[in-house]
Structure formats: structure tokens, C-alpha cells
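Now, the feature entries from TrEMBL:
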type	residues	note
DOMAIN	9-278	domain 'Nucleotidyl transferase'
BINDING	99, 164, 181, 182, 199	alpha-D-glucose 1-phosphate binding site
Ligand code: ADQ
């Protein structure tokens, strides 16, 4: 029997997430709270741990305080068994600059690869919502003989300028013939012209090939030192890049509905939509798959409670996710995500909204189609998400589709 390869996982968690402002004003994108209990990075880390890859470094950089705290508090594993999830902040190990791009981030932490001596390195992004068994991708990579394998998924051609676009070899569709990072003039797939094959930003690489590639890239003055923009195209040029079609990935316990679910929650609208996907009656993405659990921090909070406020005013929630520590007292929540410790007071109404940790909604207040960041206080009678002009005048972000975002800690009178 051939021994299983030694695998080290690297999670790229240094992204700024500019298009998610103001949610990323004080935290890195992978630390953005999602789905009540989670942070975005929990999906990548859960997928790795469930794939039994237990040596994981998380490369952080931008506003990484809350991300580091979350990782060290939540994701400590047993050092006795040689398992770890270690945050590695930008260290200026080589040169006096922060990471220039994702390839430079890997170059700057080559000492970790030296220490671990893995055969294979799995490199994954930290800001997507999905389930994936990386061991199936690693098996396909080893079998194919490629030096680098990129995970691909079909996406609408209108989104091509947000992704690396993969063109497969006409004779061998497991090989990449061309790879263009965020092209403005994409060509649709032969069998589906309105779609492209997008890179998911997840790579499986032979460790020695990765080390050689990022080392050579470091001295290339023309490079942006980016995995998608520079490293993948270099392997494509050499003819050693393969593609792993995500549709082949079969995660235990997946439903027909959520088997191929993958969302890049890069914008406020896509972030909002992905939260809503969790609460559909037949969820588009099912959090309740016990065979592939999504791990996150223990809040230590008491159970949620629903109480009425007299005069027949029942506190209730419907079509919603309600986290620990929530109190709904004579208030109504519909179609919403309520994160730990939110408190809805009498006669308040929250609909089609995402409330992050510790939000208070006082009496008679109304919140509709809004994302309310941590510890916001919505004062008595206040209205959010009902009048876009008023919301903008108060300095809140309102997206084109009409989602209002209230920044962390705001007191809304
Ligand atoms: P983007 O997400 O636009 O496209 P990038 O901004 O490099 O590329 O982010 C990729 C991952 O690396 C994210 O998880 C981010 O947090 C992290 N990251 C970015 N800069 C970093 C740095 N300096 N240090 C550490 N981590 C960093 C990428 C690919 C595309 C692919 C999409 C899929 O380049 O080809 O289609 O992901 O969403």
C-alpha cells in the first residue's frame, strides 16, 4: 500500500474585503460574522479539519486582531498529536514590507514548509461559504500527475471579472490550457456559452513545486506576487496545471439542494443573499448536516428565549435563525438571522435582516432588509431599512438592491 501523502494546509486570510465595507472597517474579511454563530473563516477551517488535514497555518495580515483572537480561542487543537491551527501574521521576514500578494504571503512563510516537510500543500481562501472534502481533490491531484491542481466551478459569465477563468484542454479536460485572472473579455464554455469555469481560489500543489514557484516569483519584478495572477499562469505555461471540477466532490450528508453550493461573499448583496440561503424552509445551504459539521466558537451564552410582553404580545420568530443568548421579548422576527446575544424588546419588529452579536432593538423600532453590525443599539421607535434616503442621510451604506448596513457600535436614535 502506498503511504498517504503528508499534507500541510495554508489558509490565505489576509484579504481586505474592500467591497464588504463597512463590515470590514475594523476586521479582516475572513473574520466577518456570518450565519449567526460563524465567522467566514470557519467554513475553510471546518472543511480542512473534516477532510482530516490537521496541520493548518492561517496567513493573516489586514486588521487581523479579531481574526487572530477567533482562531486562537476557537481552533486550538491538540499539540500532543501534532495537530494545530496556527495564525501566522505578516512578519516582514523577507524585506520590510507587508505581504504584497497571496504568493508573497506564502513565500514569507516558507520556513513553515521547511519545518513540516509536507509532500503536498493545500492552499485555500478564507472567504467562501461551502462544504468541500479536500481529500478527494488531493487524491485526484496525485492521480493526475499535475504539479498544481486548481478547483473549478461553473459561474455565470457576467461574474468573470471577479474570478480566475479556466480554459481546459480540448483533448484532456483535466488539464488547464489557459488561465486568465479576472478577464474583461471572457469566452463562455462550449457547451454553455453563458457560463465560465471559475477558479475557486483553492489549490493543491506538490510542495517542492510550490516552493520553487514562489521563490522564483519573489525576484520577478513584473509579478504582482499573486497566486491567481502569477503562480497559476506559470504552471499553465509549463503544462503542469490541472483542474478539479467541484461537481465531482461528494461531501457526506449533502442534500441534492446544497451539494454544489459555493458562494463568494465578496459584496454586501452576496453576503446578504448567502445569509438568507441558510434560513429557507428547504435551505439552499444546510447548516444541519451532522456528517460534515461546521465548527465555530463556543459562546458560553444561555439558550435563546422567547417571552411575551403582556397584552397578548407574544415574542416570536419565524423563518429565522436564532442563536444562543438571544432574547425576543414581545417582539417579532421574520426571515432573519439573529446572532448571539441580540435582544429584541416589546413591539419591535425585525424582518429580512441580519443582526450581528449583541444588537439591541428597543421598543417599537422597525428593522427591514438591513445588516446591523455588532453591538448596534436601535433606539425606541427608530426605523431602519424603510426609507433609503433617510438611511443614507444618517451615513449608512445602502446598496443598489436596497440593503441598509449599519456600522458596528452605532447608536440609532
Ligand atoms: P481574489 O479573492 O480576488 O481572487 P485575493 O484578493 O488574492 O484574490 O484573495 C484570495 C485569498 O487570499 C482570500 O482568501 C484573501 O483573504 C487572501 N489574501 C489576499 N491577499 C493576501 C495576502 N497578502 N496575504 C494573505 N492572504 C491574502 C482569488 C483568485 C481567483 C479566484 C477567486 C475565487 O485569485 O483566481 O477565482 O479567488 O474567489
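In case you wondered, yes, glycine gets a Cβ from its N, Cα and C as well.
Features recorded in TrEMBL, as mapped to the structure shown.
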| residue | record | DSSP (3 states) |
| --- | --- | --- |
| 164 | alpha-D-glucose 1-phosphate binding site | strand |
| 181 | alpha-D-glucose 1-phosphate binding site | strand |
| 199 | alpha-D-glucose 1-phosphate binding site | strand |
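For residue 182 (alpha-D-glucose 1-phosphate binding site), other Cβ atoms within 10 Å of its Cβ number 14.
Of the listed binding-site residues, namely 164, 181, 199, the sparsest Cβ surroundings within 10 Å are found at 181.
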